[in-house]
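Novice: Quick one: the structure is below, and I'll ask about it shortly.
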4 protein chains.
Amino acid sequence: MSGNSFGKLFTVTTFGESHGSALGCIVDGCPPGLELSEADLQNDLDRRKPGKSRHETQRREPDQVKILSGIFEGKTTGTPIGLLIENVDQRSKDYGNIAEQFRPAHADYAYHHKYGFRDYRGGGRSSARETAMRVAAGGIAKKFLKQRYGIEIQGYLSQLGPIKAETLDWAHIENSLFFNPDPTIETQLEDYMDALRKEGNSIGARINVIARHIPPGLGEPIFDRLDADIAHAMMSINAVKGVEIGAGFESVTQKGTEHRDELTPEGFLTNNAGGTLGGISSGQDLLVSMALKPTSSLRIPGKSINTRGEAIEVVTHGRHDPCVGIRATPIAEAMLALVLMDHMLRHRAQNMDVTTDTPIIPAQA
Amino acid sequence: MSGNSFGKLFTVTTFGESHGSALGCIVDGCPPGLELSEADLQNDLDRRKPGKSRHETQRREPDQVKILSGIFEGKTTGTPIGLLIENVDQRSKDYGNIAEQFRPAHADYAYHHKYGFRDYRGGGRSSARETAMRVAAGGIAKKFLKQRYGIEIQGYLSQLGPIKAETLDWAHIENSLFFNPDPTIETQLEDYMDALRKEGNSIGARINVIARHIPPGLGEPIFDRLDADIAHAMMSINAVKGVEIGAGFESVTQKGTEHRDELTPEGFLTNNAGGTLGGISSGQDLLVSMALKPTSSLRIPGKSINTRGEAIEVVTHGRHDPCVGIRATPIAEAMLALVLMDHMLRHRAQNMDVTTDTPIIPAQA
Amino acid sequence: MSGNSFGKLFTVTTFGESHGSALGCIVDGCPPGLELSEADLQNDLDRRKPGKSRHETQRREPDQVKILSGIFEGKTTGTPIGLLIENVDQRSKDYGNIAEQFRPAHADYAYHHKYGFRDYRGGGRSSARETAMRVAAGGIAKKFLKQRYGIEIQGYLSQLGPIKAETLDWAHIENSLFFNPDPTIETQLEDYMDALRKEGNSIGARINVIARHIPPGLGEPIFDRLDADIAHAMMSINAVKGVEIGAGFESVTQKGTEHRDELTPEGFLTNNAGGTLGGISSGQDLLVSMALKPTSSLRIPGKSINTRGEAIEVVTHGRHDPCVGIRATPIAEAMLALVLMDHMLRHRAQNMDVTTDTPIIPAQA
Amino acid sequence: MSGNSFGKLFTVTTFGESHGSALGCIVDGCPPGLELSEADLQNDLDRRKPGKSRHETQRREPDQVKILSGIFEGKTTGTPIGLLIENVDQRSKDYGNIAEQFRPAHADYAYHHKYGFRDYRGGGRSSARETAMRVAAGGIAKKFLKQRYGIEIQGYLSQLGPIKAETLDWAHIENSLFFNPDPTIETQLEDYMDALRKEGNSIGARINVIARHIPPGLGEPIFDRLDADIAHAMMSINAVKGVEIGAGFESVTQKGTEHRDELTPEGFLTNNAGGTLGGISSGQDLLVSMALKPTSSLRIPGKSINTRGEAIEVVTHGRHDPCVGIRATPIAEAMLALVLMDHMLRHRAQNMDVTTDTPIIPAQA
């Protein structure tokens, strides 16, 4: 592999499989002096953790994170932060069938052909279980960005299958079972999910994430543009098949006069750009949206082949989210936090007021 | 900046502004022994170059590339390949106004706030002119991938504003003025563009790129997934606002039974995944689609502010593409080639048959 | 920090402080299919661990490594390998004095000025305790290199203060208390170390490392030369103040006719180059030598200042190696293994026989 | 290759061969607002360029550097800086013999085995000619470090074969033909070199570099320590076989009481550490020393083999430095500047005063 690190200056490297003994990560590059405790990270881990309602996988993982290094007297020291989460509910069961089967839409087939060999227990490394460490690491970035710069990051489910959120009630999101911002569709979502579960099927979803109070200037063109790194981050989340910034695919049918965000002394009049211009933050809210495919594990039989190339029928038993999109909300927030944190440090490195040597980006007043 | 390199093992680093003396790049990591000449790169540069029809900017650039190093007796030596393209048609004109104006939807505002200072001539570094070097470098990757592995990469315009290509006639693409694959809409496109030009407006577009004969196994989860790196690459192209792999945003409304690509001994039955599973190529065609916003330079006045924060009205004169999406086709192909080349080398590095030490990915028969 | 990763393709990232709860690392990029167990790593950890004789620090650490991921059915899967070693003998004591003191030749002063804040317990991150993880990670590289390519890496103490090893008896090294290859000086070393301990002083040392059966072709000029990466690796070990390849500083007084290693059909006649030409391995043995400064913790009082800039006298009590050079031998071996492993993968990525696609470097027959 | 970039945030990527049409590099990461012209870089290029006296190769290269991008109205813009130097004196001659010969101590043998193919004209990429771009890029770093932080970097020849500089007269260095700081040995050096040239032989040398006014805090342990990156940088220079920081190999025989640099309120009493503690700058002068092997090209015949493995006798005609160490002085200065610049940016990124957000390292008063 060697693709398990994210970020250039605020670097997160993770390890761990679905059914191994533990998941872990190293966060390297956190500035010294940040007050940080395990409790700071637990809230988002709890938002992501499985089994919070009947609409999620029933695997029970407390996802208690331990900080193993990098903190002294309650503050970060500037040295690498080691994080660990033990797996406690990896059920022993007979994986004999799965070992030789390529489940449709799973990573089985690709992993087998890449490595000639795979840890098939619960999907191994390709399981969404690894995203717990993204959320833990992202929690550090979120805290720093909030405290130092006032940046706030919030995600929500904007669509689940055919059901769209039409209103955006920020207060409702954390009360919803689905990170749904529209109180009027909550029951509809519950009914839809119940029917889906009975059917043994799954469904796709759309997640939006917004970041507010972004200073202008973040992003390193031409390749490490802020929007490009966001696209990378979001598409690296399991099941994501599409990413949009601002108007996204609506831009295809927009004319220039419609798309361009005009400026006045009071600010931008619209936000089709979604907060980036030329790959650099403009100071407007960052608007990111992504599509997640339906969960691949289904109780409805599907055609496939085994490792010997023979036709088989696959049925997936076990515990799975009928809509992986739901729990993706805190993951998407975490990834956006990691991107912003990395770009904040990158920007700080090279851009300073020429005469005073102070960074162009100021601390929050 | 320091964000001007792309790729981990097949690394492309570029420089150059719209109105500087030259554009250049260094391609580091090309395997030795590849036959390579300037002519190999010129075809794609010609496909991208401006002024080929009345529907493009009338800037005249021959975009003749020079290879300055890394080739000996007609073959790559394994040492870095220096490429150079001189700018010949950067018209001298009075940029006095632009210097103090933030043109809506341009990078002006963001560059100003990032660096406190910008080269405003023709957009400087943020001009799409830099994409010439992407196409030149991508040409090396394209040739290697084709010759060694038989991989073919082809892009096309799938939608321009409201007009969609309904059929896919591969032979028509290179005959079209728009990389349009549907002969039945060619006239419609011409008329639409003529009207747009008269109006002084611009329009968005959708570009698709397909890569065929991809071996399974490319991609380095969990962060450097093949699809994540493709999303990064595409979103790093000027004006791109959205990226999809396979079913993309259609996945949102798909059920699991609908999305999953079933397997038979004869192969996959569908390709909603777009060629990647778990972030690793599956051997199916790679299907990538992207949205490009309308060109920001318009003859229709728009509201903005100047560097002193005062309200102004902006009108852009000069030479511009009314639809930047059109010429983006060879750029998107080049970026996909760069991603695949980098991942081919990354895969080769770590995956070999354990007993024979030969790479898991074979050369083309 | 963000400087806690080593290697480009075979990447080792570490965390952990002297008196934290654990040390850990992530090894990313290990090829799949390598048989690997904790026992494979324990031997070198035992060679490095403290308290093996009276000539070393009396801190008692079993240094039992746990593999937390990346292994399935006894083999590496190609996914990241998480390693953990718990600290068990970090004595609680009053660090009140040290907190405000800058001990001469320690990292205290520099850490304080870099971070404005430091974990002073046992040196925190700057303690040589972190090298345990280098040895654990290096063990994986050592095993792969030995098994696949037959490469062997061996270090030894070539000088301790004024006492030089004059003969090279490979069999004696592992029997010696000092990794000393010269049986005739073993008693002399013991006596010297006993006197030193009584004196409360410390002494420098020279360590040599040799790697055999290296294929020609490893190294990526012009910056990532094999010798340059070795110099980086060795100088990154605590207390190292100088690095030589081959003839090293003797080259200064050599004439060209004396230094050049002539070639015959039977091979090279000498090895002043130390196994690299133009930054690339020549197939000769790699010869590396390094200087380690005397331990900084002394019972003999020294002048210093405290964090308020006031003059103080510093005396170090507690448990320390009187010669850090001794235990550096397995660390230097590990670092050389990491460099070679990384370069082996880098070389594989880009260099293949053009017609057969097999790597230029063959597996061991 | 893919090893042709140096630095993480201030990144220099180079290309070019001895007998190609041009050498070039891209400097990515230079902060905006630095006044910069070609004249700023020319002085060091002139110090390095060949043919300044009879003691150097007689190849005549003006080494006129062109800045192709990244500057606007006389200042850096923060975008990548493209640099180009044309080769003007690459004599056409018959290389027929060299093509099949492995010259002893040259890179021929290693390049051949790595790539299976090499550009043998004048050593191709392995020629010291590539160091011109290091000096050009280093000139940008030198100017920034001097102007913003007052940092000064100065190198000198401390030993040539058996002749050592015993005094350090800074003013003499630039008047000497050898970057020699000791006026009393200048004639001795001339005589030695004249005799050597007549003999057709070559000689090694030792170069020292010092950097003054370094703020404490530069360096990113544990792997990207300042001293480790310096070792990497220096060992990446052609012909360097050893690197020392501070007391270097003298540390081997030093006791702790002798080596440790005691501190008083007025500062450090000695500088055995050479300016780094725990891999981080201490604010003392950085003291670096390196060994360069004798030039490999000799008129005195030597034994070797050809590409078919047959015994041959090699005599090198053509133009060569009898002591490559002499012209290495500005190269070593440039590499030290690149390391310091990169670490200055890295440090800035992550370390700031927690309440004011100003960097811990201040601008020069």
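Heads up, the Cβ atoms here are built off N, Cα and C, so glycines get one too.
Heads up, TrEMBL stuff is auto-annotated, nobody curated it.
Quick caveat, the model's predicted, so the values are computed rather than measured.
Pulled these features from TrEMBL for this protein:
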type	residues	note
REGION	C:41-62	region 'Disordered'
COMPBIAS	C:44-62	compositional bias 'Basic and acidic residues'
BINDING	C:Arg48, C:Arg54	NADP(+) binding site
BINDING	C:Arg125, C:Ser126, C:Ser127, C:Asn238, C:Ala239, C:Gly278, C:Lys293, C:Pro294, C:Thr295, C:Ser296, C:Ser297, C:Arg319	FMN binding site
Novice: Applying an 8 Å Cβ threshold (strictly under) against chain A, tell me which of the binding-site residues C:Arg48, C:Arg125, C:Ala239, C:Thr295, C:Ser297 fall inside, in sequence order.
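Specialist: In terms of proximity to chain A, the binding-site residues that count are C:Arg125, given in sequence order.
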Novice: Max Cα distance spanning C:Arg125, C:Ser126, C:Ser127, C:Asn238, C:Ala239, C:Gly278, C:Lys293, C:Pro294, C:Thr295, C:Ser296, C:Ser297, C:Arg319 (FMN binders), Å?
Specialist: 44
Novice: Mind pulling out which binding-site residues among C:Arg54, C:Arg125, C:Ser127, C:Thr295 sit under 8 Å from chain D, Cβ to Cβ?
Specialist: C:Arg125, C:Thr295
Novice: Just how many other Cβ atoms lie inside 10 Å of the Cβ on C:Lys293 (FMN binding site)?
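Specialist: Summing over all protein chains shown, C:Lys293 (FMN binding site) has 30 other Cβ atoms within 10 Å.
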Novice: Starting from the Cβ of C:Arg54 (NADP(+) binding site), draw a 10 Å sphere and report how many other Cβ atoms land inside it.
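Specialist: I count 12 other Cβ atoms within 10 Å of it.
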Novice: What does the DSSP secondary structure composition of the compositional bias 'Basic and acidic residues' (C:44-62) look like, as residue counts for helix, strand and coil?
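Specialist: DSSP composition of the compositional bias 'Basic and acidic residues' (C:44-62): 5 helix, 0 strand, 14 coil.
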Novice: Return only the integer: C-alpha distance in Å from C:Ala239 (FMN binding site) to C:Arg54 (NADP(+) binding site).
Specialist: 21
Novice: I need the least crowded one of these binding-site residues (C:Ser127, C:Thr295, C:Ser297), counting other C-beta atoms within 10 angstroms of each C-beta.
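Specialist: Result for the binding-site residues C:Ser127, C:Thr295, C:Ser297: minimum number of other Cβ atoms within 10 Å at C:Ser127.
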Novice: Need the DSSP three-state call for C:Arg125 (FMN binding site) to compare against my parser.
Specialist: helix
Novice: Which has the fewest other CB atoms in a 10 Å radius around its CB: C:Arg48, C:Arg125, the listed binding-site residues?
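Specialist: Minimum Cβ neighbour count within 10 Å, taken over the binding-site residues C:Arg48, C:Arg125, occurs at C:Arg48.
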Novice: Where C:Lys293 (FMN binding site) and C:Arg48 (NADP(+) binding site) are concerned, what is their Cα separation in Å, rounded?
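Specialist: Here the two Cα atoms lie 18 Å apart.
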Novice: Cα distance, C:Thr295 (FMN binding site) to C:Arg54 (NADP(+) binding site), nearest Å?
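Specialist: Rounded to a whole number, the Cα-Cα distance is 16 Å.
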Novice: Provide the number of Cβ atoms within 10 Å of the Cβ of C:Ala239 (FMN binding site), excluding the reference atom itself.
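Specialist: Its Cβ has 23 other Cβ atoms within 10 Å.
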